[in-house]
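S.K.: What follows is a structure written as structure tokens; I'll ask about it next.
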Amino acid sequence: MVSAWSGALFGLAVQLMSNALQKLPLMRRPWEHVLFAAGGAFVGHKLGDLEVELTQRIEAHRANQKRPGS
Amino acid sequence: MVIIINISDIYIFIPELYLTLTVFILLIYGIFYSTNKYYGYPILSKNFGYLVVITFTYILFLIINTPDFLSTYFPSFFFFNNSLKWIKTIFLLVGICYVFLVISNISLEKLNVFEFFLLFILSILSIFLIISTFDLLSIYISLEMLNLIFYVLATIRRTSEFSTEAGLKYFILGVFSTGLLLFGIALIYGCIGITNFIDLSLFFQSIMKEKSILEIPTDLLLGLVFISTAFFFKLSAAPFHMWSPDVYEGTLTSIITLFIIFTKITIFFLFINLFGTSLFELFNVWQKLTLICAFFSLFLGTFIAFAQTKFKRFLAYSSINHVGFIMIAVSSINYNGFYSLIFYMMIYILINLGIFASLLSLRNFRNYKFNHQIRYISEFTILSKTHPIIAFSILIILFSISGIPPIAGFFTKLIVFLTCLKSSLYSLVIFAITISCLATFYYIRIIKIIYFDNCNVWLIYVPMDKSKAFVLSFSVLLLTFFCLNPNLIINSIYIISTIN
């Protein structure tokens, strides 16, 4: 849940900064903010799952390396 | 020699085949439409840009859905494994970002030729071939394919004398380095009759059990020296860097982006692929060569950059400095060198995307017909007043390049230094830290110009377009907030480099 929220915030921040760089009002085209936040939440959620999976793989790999004779 | 192609070879090769087919179809489409009187001879550059994005997205899905396995194909000329799948994915994502960066500059720079994007697709195809190469001959062929495309791209503005000069310089010196590469390959083949990576690896493993490094034939070592010198030329590592500032100065900024981001990363992957696996037994020889080049790159890249007034030349020397840092990571490959190398390159890509997004958007606006790219560092003076957000983005990116914590660039240098310390290269670490501190000066000098210098001339910049704004904001925010959760990138790089 935390990763999804972080992703949503990141997506929103990208869109806000993008508008600021173009010298547009920050909330210009609000549907894009929603789109970016939703996209960011989806990617963040997926990356959160991926992080857990990667950590498990690395721990398994390290445990395998420590095993004598492996 | 009879080459037998299996159906499974073609199955692995589908993304590359699809890219080739796309080039043919787009070429026919471009020629028919752009020369058609009925449609009014349309300019197809932007249209081609979007078609490239669609193509890359489709190939991205093709690559992601390729099953995980390790295999060689086309009689061991190329290989495929899980790491390669992810590296290709990264190249495609960066390719998509690159298209978004240059798509609006095509008309601004009056580069209305649709062939530009076709050459870009071909360069991605050759990059795919280079990173999956598994034989000395396929190295030569795929590397030459990339170089030929880049020679054409360097001279794509045929009416400009600077562009022609840059292209010619690039061509002559590039051909010289290719000659060195071919000579090195010929020496190795002439000496032992092997070109395949696995065969080379097995040969050196068996020979090093019986003989010391001093007993290895001189021709073989000379071949190794020639091959590595050719790679250093392509990487523009000092003392083989003399071509890069001149070529970068004469070439269009949108094409330099291609040179700086794609070429260097590809050659480093190739370097690791060849030297880290098949020639690993000769580590003592090529590590010394790499360390010498790393020393010169750090030293010259830093001190010559002090004197630069033009932004493109400054970027060229800055990239030479970075090559020095990456070579330090390469030279400590026996421990976690590969891991730190990939990490450094990921952040290097992000930094360069940010730099070029801001540089490409900063065009001095005089009127609607005439506006030009800013050339001198001193032209940044007014930026903090007219475009404070772009100025702040450049500040973050420059802090990241110079390695100021807690921005991502700091972690890359930290990991490279830690890797070096594990390899007991203490004096090199001390030297690199000193150089890094000195290099900070010339990055901060630009920040001083942006924020504190008085402006003599008021420049008006062309407003930034949406695609560049998106790429710039994405890279700046990722660099800034990387420190909040670095585990994901660090873990995935660990998986790519160590486990896969």
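Cβ atoms here come from the backbone N, Cα and C positions, even for glycine.
All TrEMBL annotations are machine predictions without curation.
According to TrEMBL, the protein has these features:
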- B:17-36: transmembrane segment (TRANSMEM)
- B:48-66: transmembrane segment (TRANSMEM)
- B:86-106: transmembrane segment (TRANSMEM)
- B:113-131: transmembrane segment (TRANSMEM)
- B:135-438: domain 'NADH:quinone oxidoreductase/Mrp antiporter transmembrane' (DOMAIN)
- B:137-156: transmembrane segment (TRANSMEM)
- B:168-198: transmembrane segment (TRANSMEM)
- B:286-307: transmembrane segment (TRANSMEM)
- B:314-335: transmembrane segment (TRANSMEM)
- B:341-362: transmembrane segment (TRANSMEM)
- B:382-404: transmembrane segment (TRANSMEM)
- B:424-444: transmembrane segment (TRANSMEM)
- B:469-496: transmembrane segment (TRANSMEM)
S.K.: If you count Cβ pairs under 8 Å, which stretch among B:48-66, B:113-131, B:314-335, B:341-362 touches the transmembrane segment (B:86-106) the most?
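M.R.: Ranked by Cβ pairs under 8 Å, first place goes to B:48-66.
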S.K.: Under 8 angstroms for C-beta pairs, at least 3 of them, ignoring pairs fewer than 6 apart in sequence. Is the transmembrane segment (B:17-36) in contact with the transmembrane segment (B:286-307) by that rule?
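M.R.: The answer is no, given that the two segments have fewer than 3 Cβ pairs within the 8 Å cut-off.
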S.K.: Quick one: find which recorded stretch in B:48-66, B:137-156, B:382-404 has the most Cβ pairs under 8 Å with the transmembrane segment (B:424-444).
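M.R.: Answer, by Cβ pair count: B:382-404.
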S.K.: Which residues of the chain, 6 or more past the ends of the transmembrane segment (B:341-362), have a CB below 8 A from one of its CBs?
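M.R.: For the transmembrane segment (B:341-362), the nonlocal Cβ contacts are 90, 94, 97-98, 101-102, 105, 253-254, 256-257, 260-261, 265, 268, 272, 311, 315, 322, 325-326, 329-330, 333, 373-374, 383, 387, 390, 393-394, 396-397, 400-401, 408-409, 411-412, 415-416, 461-462, 464-465, 468-469, 471-472, 475-476, 478-479, 482, 489-490, 493, 496-497.
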S.K.: Sort out the residues at least 6 away from either end of the transmembrane segment (B:286-307), same chain, that have Cβ-Cβ distances under 8 Å to it, and list them.
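M.R.: The answer is 224-225, 228-229, 232, 237-241, 275, 279, 314, 317-325, 327-328, 330-331, 425, 428, 431-432, 435, 438-439, 441-442.
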